[in-house]
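Taken from Swiss-Prot as is:
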- 1-220: region 'Interaction with IRF3' (REGION)
- 1-270: region 'Interaction with TAB2' (REGION)
- 1: N-acetylmethionine (MOD_RES)
- 69-131: region 'Interaction with RNF31' (REGION)
- 160-192: region 'Disordered' (REGION)
- 167-178: compositional bias 'Pro residues' (COMPBIAS)
- 193-222: zinc finger (ZN_FING)
- 278-506: region 'TRIAD supradomain' (REGION)
- 282-332: zinc finger (ZN_FING)
- 300, 302, 323, 332: Zn(2+) 2 binding site (BINDING)
- 351-411: zinc finger (ZN_FING)
- 371, 376, 391, 394: Zn(2+) 3 binding site (BINDING)
- 399, 402, 406, 411: Zn(2+) 4 binding site (BINDING)
- 447, 450, 465, 468: Zn(2+) 5 binding site (BINDING)
- 447-476: zinc finger (ZN_FING)
- 460: active site (ACT_SITE)
């Protein structure tokens, strides 16, 4: 088949498609060309051979790394393979030059229709293989030019070449430079190599300032550096300005959120009590508490009702009130803060709590002295070089050596008078003798801290001194804990340390 006959067949097919598609301009151009060439034609009407309704095509996609994925495409049987490639390019970003279609076990060509390959109903399958683009220099300009040429080919113009906009007027020939025959225009200036970084995944050439691939969104190589002399174009400047504005708004919103959180914490810290914001259950009385009805302890975040916390404070024998939470695993060692206690109690109960703390501090100190005036609350911490204490409450002078008030007598006169009165006081003498017998028989003992006489009524071997509140092990006649207080096993009886009781006769000293 000669070149003229082949060209005539192509123009006839283009005329057929233009008439079927209603394109008057293309049909007129094809008809004029056929008439000028005096090509013999036979025109006849025929029914529609390719259905035009939309169907769903099942496509298996595989790349050069043997990664496979299945997708569904909505197509028409009269679509060409070139149109199918353009659709995949627009929807998924894979350039047509990288697409290789296999339909009906045949390699599909661009100008062939899907109907010619047997794609006629829903569920028909096709195979798409994505070629590696490592050896292909892709850029947006070439992709756009290829797409325009493909659209012209669909219209029947296969031998056209896209030229830049505006007329190109050849200049006068230079003297002394002969022109080669057959060449009416000078050679086109080759385009400079594209500036940018090549995506390691799809090999697309991206602009230097872009942080990720425009095609596959892969991150820019860390080793790439933007050329110092590079000037971004208008599109890049707009994108960079948008990124800067987004970053500024993000930083502004973050700062506003931080300031709001700070103000919220300041307002929360100014409150004496932290109330619950969600429904909770008191672990002591098991009452279900609505938001705002319970108190959340600041130190340990355990939640209780007000009544249980008030009862815990009133019944506490310590200056520091512990959290009442306890279960089968552990008991909480957190403490209630002073402002929490003050907010929970009435003024009278809070004053009693303060008095209890002062009393405990006085009794637990080895250098404290309480005024001997009956019902007087005055006391002090004394030093070795001080022998007298003037009570700030009752204003009586206490002798720290005799531990008594003898304002009209000196120490010698007072002790002689005391011995004389003891000989004549039968009740005082009987009490002294009874205490001595109890100490000798082991029915009583002296507190290892304040030396007062204490005794155990019944039950376990743990007792507490009523004066200095020292915890005592009855069976060892010594303190239960070390100098650090409850839980300090560096001293005391060290009961149950390594599972060993403090004494063979120990009856649980806690």
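Including glycine, each Cβ sits where the backbone N, Cα and C put it.
Just so it is clear, the model here is predicted, and its values are computed rather than measured.
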DSSP helix, strand and coil counts for the zinc finger (351-411)? 14 helix, 13 strand, 34 coil
Long-range Cβ contacts under 8 Å made by the zinc finger (447-476), restricted to residues 6 or more beyond its ends, are 317-318, 360, 363-364, 366, 435, 438-439, 486, 492-493, 495, 502-503, 505-510
Closest by Cα to residue 402 (Zn(2+) 4 binding site), out of the binding-site residues 300, 332, 371, 447, 468, is 371
Other than 300, 302, 323, 332 themselves, what residues in this chain have Cβ atoms within 8 Å of the centroid of the Zn(2+) 2 site's Cβ atoms? 297, 299, 301, 322, 324, 325, 333, 334
Cα-Cα distance linking residue 399 (Zn(2+) 4 binding site) and residue 391 (Zn(2+) 3 binding site), given in Å to the nearest integer: 11
List, in sequence order, the same-chain residues at least six positions removed whose CB sits under 8 Å from that of residue 323 (Zn(2+) 2 binding site)? 297, 299, 300, 302, 332, 333, 334, 335, 336
Look at the recorded positions 300, 376, 394, 460, 468 and tell me which residue has the greatest number of other C-beta atoms within 10 angstroms of its C-beta. 468
Inter-residue Cα distance where the pair is residue 468 (Zn(2+) 5 binding site) and residue 394 (Zn(2+) 3 binding site), in Å: 23
What is the set of residues, excluding 399, 402, 406, 411, whose C-beta falls within 8 angstroms of the centroid of the C-beta atoms at the Zn(2+) 4 site? 401, 403, 404, 405, 409, 410, 414, 415
For the zinc finger (447-476), would you mind checking the mean pLDDT of the predicted model? 79
Determine, using Cα-Cα distances only, which of these recorded positions is closest to residue 468 (Zn(2+) 5 binding site): 371, 399, 406, 411, 460. 371
Other than 371, 376, 391, 394, which residues of the chain come within 8 Å of the Zn(2+) 3 site, judged by Cβ distance to the Cβ centroid of those residues? 372, 373, 377, 378, 392, 393, 395, 396, 398
For residue 447 (Zn(2+) 5 binding site) and residue 406 (Zn(2+) 4 binding site), what Cα-Cα distance in Å is obtained after rounding to a whole number? 28
In all the protein chains shown, the tally of other Cβ atoms within 10 Å of the Cβ of residue 391 (Zn(2+) 3 binding site) is 20
In all the protein chains shown, the tally of other Cβ atoms within 10 Å of the Cβ of residue 406 (Zn(2+) 4 binding site) is 17
Could you tell me how many residues in the zinc finger (193-222) are helical, how many are strand and how many are coil under DSSP? 0 helix, 7 strand, 23 coil
